[in-house]
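A.B. asks: I'd like to ask some things about the structure below.
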């Protein structure tokens, strides 16, 4: 039976379809019947299903040809999701969803888009694909909320991870799909059929058409779908996807790849949008996230292995191809950002090989791939790069060998090889062929590539430093072969290899470097020289024995190479000379040999300064003697000169080079070699004196001087006549007026020769004590020597400065070695004349400095060689009197000369400097003593050191230092230590820096000289003098000069002594006052000590010794010294830095004493002295940088707090220093809070946060606050999850700071602004707070919260919401709650109730912005709360709304419910019965335009509309609840609420159009109860509601139902209200009563007219009566009200006119008369009302019906009417009045016609009407004209 019914129903549907003629009809039928018809497919009866199929076929034909017909998609989607539906039904349903969805308007598609997503869950893959195909085009048109909150999104995807994944995969395929791609299926079908039986189809899918790059066949097929998109549509789809991702609808992490692929799109719009989005997210994306990187690799490479993880073979149609080159070019730059990408093996190497050698690669991709190789080399960790190395190297070498087109690319490849070698040297060590290949490439490649090869080779050097045996020999040969290549870069790299690959004592490589040192190009020879001249062992403590080749071996090697080269074309020709090497290389060779010689002799090998080299001559001499005596010979190689001793070979090489090219260093080396062992070596040059003379004639002054010395050494080996002739020849050459150069050379040679002769003579005398044997030869020789000396003397007054200086030098050399062979006094050239002449030159401004220096030296030498020198004191006095200002160097020379002259023959100046060192020298036993040191000391101490002239004092100090240094063992010096100390102390307070430094050095020396008792006395005197500032007694007039301003030494506190006071206090603090001397020795910061003169004092050695003695005090010293290095006083800073550099040689010392240093600095940060505070800040700034501070984490809070205090210092420079220290401290702390630091990081955070939050952020100092916040933000970024335990303290503190740190002026402005301005301003303030760094930090913390932290955080948060001060704080709290609901919803559930009750306080905040924020938060919070909490909240809100009269409560209810509806729609649906009735009531709130009620109404309306299935459906659904709430509203004490309830009731009645019991009774009872009592504002709404309900439910009211008011009761109540005095209310009451009477057709006209008619009459009287005394405005208002009443009254009379003959009989005449009177007298508005009432009156007048005829009565009424209506017909002004009058006449004529009562219309009436109608013939409105003419014609016809 049921089946028959089903079929019948289907037949009827068929029939309806057949009858449907228009699209609209068809659409209506489909909308109504399609879903149920589809459900019939689940029928078990074949017949029914068949019928359905028939119907669907018919339907499909009709639908397809009519694209505009809409299908009931929404209903179909609901049906599709029904879990109970059978698959047959769902399969057909989706067909119509697919057909209907694209036809929908775009807005509707957007609305249904979320439903499509929901519908997908658990459905078969093809159907899911179809739904996504429908969804994707819609995304372009979707509107997303501005706030990117997950719960606010239209797609609530957070709970649908599977759907998200499906969607993302599909989107990826859409983005990969190229425009205009066509899937050629036909070909695939043919192929697949033929391939079915064959097993050879091995996964390649030969039967499957080629999918687009990056896609599988299946992916392409599903994107194309049933209705392929056009290119334009596809572009829109792609843009929609980008928009979707932009709106953060899916997790950012998941969508990164999509943006990367979209950014490679061929259409500009898509690529640009994706690029912009990628850029904006750049900082948020973690490129080291394996999930992101693996996805990129997968898309880039496609499915390379055909096996899935489980080992099953991947189906060919699912196999993805690699992406196109265009996409690859976008992916690789992102891989370059990622450390993870570099580590992911094997994908990294696959990408490299694909980019370099793939089939579709291009030069751009190759370049990027090479960059990726660089990236791997730099970032890949050691363990992970090992397996990659060989593959990378193979790839790179292959590229280098095969790819030659692009030089830039090749350059990158070579660079990559270099980087790889520095990471993995073991790969390269064995492969010398690769080096050769690169060297060859360097020779042949393009210039732009060479630089990269050069760089690569330079990096590779390190890989070959461990070569041995054959490999090393091979490398030697390789380097040698490339050192002679024409390309400069090749030679440069070869030098690098020679210097780095081999050890520094490797002879063949040194030889190669020596050859390179002769290279014409600076970059080659400069590098070679740098390596060769690098002094070994200077900075190393270990033995230097293996760091240079041994001298003999090196000499033999060079000799062998030289002799070989002489036989080959590589020899060098210069003039007539042939050299084995070019001059530059040869020069470097001999210098290097000299360095090897020095090294082998055990001294520091230097080649920079000849004077330094000469200091080592005695040691070298000893070594040479050893070599000569050991008889060491060369190996049996060919040796042209036959010399086999290395020294002889060395001298031979020097001779060869000197003869060919010359050069000062070569000359020196030869001179040195011969001078140190003249007896053996000089004799060989006796026969070469002419050659030596030629060297003496050189154009260079220094060369002549050295040659003259050389000549004197050679000559000194001869004697007798040979010597005589040589000296005579020299005298002759000197006197001959040759060129000045020849004279100069001869003059020097003469002096040196005579000097050596005298020295020899003196030595013989002391040795033999036997003068007799040589007596016979003496007179002759003495005469010759005297002649020579006089000859030299004659040149002293030469006009040539050159010759004068030479004469001076020569005389000095003679005087140093023996008594001058000239008279002491008298006329002519005497010793007195000579002394006076030389002394006169010192102050002379005509003389050069060189002349002055030589004159002083010479004077100092006279008493040295002559024990009986008569003018010793004269000479000394002269030297001491010749002080000149600012000639410091000269004073050091004078000091030296005074020292030599004072001690006379015992001076070290008398020694042979080539053979004896200063330390080794002892004066000859028989020398006469001429010591005048006591006298000199007395003159200096008692005359010069206390001179009023500061220059004299400075000079005296330098002389005194010289005396103490050089004569430290002299008894006179030792016995005057206190006086000398006193003298030095007096100079300490000089304003001149050098004077201070000299004095401090002197003090150190004095202390070292004393015995224990002396030292104690010296220390106490010094400390007393320094610390008390007691002046030195003999400095009488010094006071005025000592502290004169402007000199270097002046310190900020105006005391020259401040540096020394600090040193003294430093020593005293250590309880070791004597250490002050050590400090003074170390405080060596004047440049003077680095000069030749200064260095001679040997203070470096003293300083080293002092450093060693101070070592035990380092723990106490290091902290103080560290701080002193940053002292603002320059003098102190330099002195202390000097001491520091001397003491702290080990870099780790600071780390060792870190705690002590820190303790000292923190203590001194708050010192009373600003200088100390500033230096402590600066020192702290330096200390904290770049060192691990794990051990001092506990100290950090103290440092922060102290620096915060100093940041507010009174002195600006201290404040700046503190700011600098704080910035550094901040950076260091941020680094320490990195998760990589582990437990140390945790400890740091725990230590820092309380300090930064309580002290920093709450500081009154702006800078401190700013820095604290900045630091917190950075810490939160770097610390990550480590912040979790501290969140309960950190988050509330930061929330408080949002208000504390806001400028207070904003609060002031907010208070003064209007409501509208205030809201806008507060909104902007809250927005600024939310984007502030503090909020940024809070958001960072929130990521890591969970249940372990919430228990502590929530109570604090609640407290802050309730008692927090300030807009920012409260708004921030709300924002935090919102974030918590999304970050940890499950964990939050137990605490939601507490948070809700806290937020309730915010809901009633007077500030609308805070109120909105709290409502917004509450809207999110209900999602995580328990049902019981939510119910309590809703009850609370309900209570507020119904009971509280303040607008603030109503607003908060609207905002909260709206927020719940928007952000937690599911919660609202679950509690719809509580919420929606309230929303319905809220919708009907009576809006006050000035207030925000209009906005609230809109919010309520939105809640209602979004949660009910149409308003009618909603009312039906919640009728019970709606009535309950409206009843409650009506019973409210508030008039406004009563009125609101009434409006809501009226709305229910209107929209339902009929109410059934018992609801009708409930509503009416409630309304009638509300009517009782006095009139109140808004009571009118009750009346309107009653009228609405009665009108809508009149039929139901006819029935008698218990508890339902009867019609009679309703009328009684309403009529009662009509009698109320309030006219405005009365108008509504009368209108309501009329509506009720009309609806119920009740006859209550008597009562009604008794109320209304008197008022109409009264109104007429008043309006025609006398004006009242009220003011004009009130009058106007009253008139308007009366007019309104009149209109209403007439309208009501018309409506209330009953269908009762008796009543009509009683009132018809009166009513007609009343209307006619008003028609004649009133304004047009009243006339119009009266006419409308008249129309209703005649419409219901029973006299005009045949059965109730009364001709007489009717005639009377008609006459009355016709007389008055003519006024209206003839009203020319208002056409509306004419129109209404015509309708009345038309109605009358019609009624008379129907009742056949024409006779009642008398002729008088007709005439009146015809005349009036005639006036309308020219009417302006044609329709009226026409109607009037028609009626006139009708009337005329009656006659």
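Just so it is clear, glycine is given a Cβ too, placed from its N, Cα and C backbone atoms.
Pasting the relevant annotations from Swiss-Prot:
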COMPBIAS  187-201  compositional bias 'Low complexity'
MOD_RES   824  phosphoserine
MOD_RES   830  phosphothreonine
REGION    187-211  region 'Disordered'
REPEAT    162-205  repeat 'HEAT 3'
REPEAT    326-362  repeat 'HEAT 4'
REPEAT    429-466  repeat 'HEAT 6'
REPEAT    469-507  repeat 'HEAT 7'
REPEAT    870-907  repeat 'HEAT 12'
REPEAT    931-969  repeat 'HEAT 13'
REPEAT    975-1012  repeat 'HEAT 14'
REPEAT    1112-1149  repeat 'HEAT 16'
REPEAT    1243-1281  repeat 'HEAT 19'
REPEAT    1348-1386  repeat 'HEAT 21'
REPEAT    1390-1427  repeat 'HEAT 22'
REPEAT    1558-1595  repeat 'HEAT 24'
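What's the neighbourhood like for these features in this structure?
C.D. replies: The DSSP secondary structure for residue 824 (phosphoserine) is coil.
The C-beta environment of residue 830 (phosphothreonine), restricted to residues of the same chain at least 6 apart in sequence and closer than 8 Å, consists of 822, 823, 824.
Across the repeat 'HEAT 4' (326-362), DSSP helix (H, G, I), strand (E, B) and coil residues number 26 helix, 0 strand, 11 coil.
Secondary structure of the repeat 'HEAT 6' (429-466), assigned with DSSP and counted as helix (H, G, I), strand (E, B) and coil, comes to 32 helix, 0 strand, 6 coil.
According to DSSP, the repeat 'HEAT 7' (469-507) comprises 29 helix, 0 strand, 10 coil.
Counting residues 6+ beyond its ends, the repeat 'HEAT 12' (870-907) has Cβ neighbours under 8 Å at 824-825, 831-832, 835, 839, 842-843, 849, 852-853, 856-857, 859-864, 923, 927-933, 935-936, 939-940, 944, 949, 951-952, 954-955, 958-959, 961-963, 966-967, 970, 994, 1088, 1091, 1093-1094, 1096 in the same chain.
Mean pLDDT of the predicted structure over the repeat 'HEAT 13' (931-969): 91.
If you look at the repeat 'HEAT 19' (1243-1281), the same-chain residues 6 or more away from its ends with a CB under 8 A from one of its CBs are 1193-1194, 1196-1197, 1200-1201, 1204, 1207-1208, 1219, 1222-1223, 1226, 1229-1235, 1237, 1289-1290, 1293-1294, 1297, 1300-1301, 1333-1334, 1336-1337, 1340-1341, 1344.
With helix defined as DSSP H, G or I and strand as E or B, the repeat 'HEAT 21' (1348-1386) counts 35 helix, 0 strand, 4 coil.
Residue counts of the repeat 'HEAT 22' (1390-1427) by helix, strand and coil are 29 helix, 0 strand, 9 coil (DSSP-based).
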A.B. asks: Using a Cβ cut-off under 8 Å, which residues of the same chain at least 6 positions beyond either end of the repeat 'HEAT 13' (931-969) come close to it?
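C.D. replies: Contacts with the repeat 'HEAT 13' (931-969): 872-873, 876-877, 880, 883-886, 888, 891-892, 894-896, 898-899, 902-904, 906, 908, 976, 979-980, 983-984, 986-987, 990-992, 994-995, 998-999, 1001-1002, 1005-1006, 1008-1009, 1034-1038, 1041, 1097-1098.
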A.B. asks: Quickly jot the same-chain residues contacting the repeat 'HEAT 24' (1558-1595) by Cβ under 8 Å, restricted to those at least six beyond its ends, or write none.
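C.D. replies: Counting only partners 6 or more residues beyond its ends, the repeat 'HEAT 24' (1558-1595) has Cβ contacts under 8 Å with 1486, 1519-1520, 1523, 1526-1527, 1530-1531, 1535-1536, 1538-1543, 1545-1546, 1548-1550, 1552, 1601-1605, 1607, 1609-1610, 1613-1614, 1616-1617, 1620-1622, 1624-1625, 1628-1629, 1631-1632, 1635-1636, 1639-1640.
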